[in-house]
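Everything on this sheet refers to the single structure shown next.
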Amino acid sequence: MELFQTADWKKEKHVPVIEVLRAEGGVVEVKVSVGKEIPHPNTTEHHIAWIELVFQPEGSKFPYVVGRAEFAAHGASVDGPNTSGVYTDPVAVFAFKAEKSGKLTAFSYCNIHGLWMGEATLSLE
């Protein structure tokens, strides 16, 4: 059994998608989302709980945790499941500085289907 599941994000709604929004002058902005091509359910019973982004610069032995976003609104209220009308979309933007290109890895957690992973290359100009 694999700890992290992976797949083509265009065919699987659980895979975190990494988009580099900006990578210039050492300033990096990265958007991570789940359900870009196929929307992931966001209900009290089935939702993405969090996304985490790590970065491993070229030549570095270990990756660095850039950040983590937790999603707490999944429709629950004092009136019961799926009654609040408030739902968080599993999308986060991370901003950081980097001196080298490297590998970006995002993790996401679905409360029903477990841990998922997506990867991308960060190329600095």
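Any Cβ shown, glycine's included, is placed from N, Cα and C.
So that you can see what the record holds, here are the features copied from Swiss-Prot:
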BINDING   E12, H14, H40, H46, C110, H113  Fe cation binding site
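Under DSSP, H40 (Fe cation binding site) is assigned to coil, being neither helix nor strand in the three-state scheme. Highest Cβ count within 10 Å among the binding-site residues H14, H40, H46, H113: H14. Just so you know, the Cβ of C110 (Fe cation binding site) picks up 20 other Cβ atoms within 10 Å once every protein chain is counted.
The secondary structure of H113 (Fe cation binding site), as reduced to three states from DSSP, is coil rather than helix or strand.
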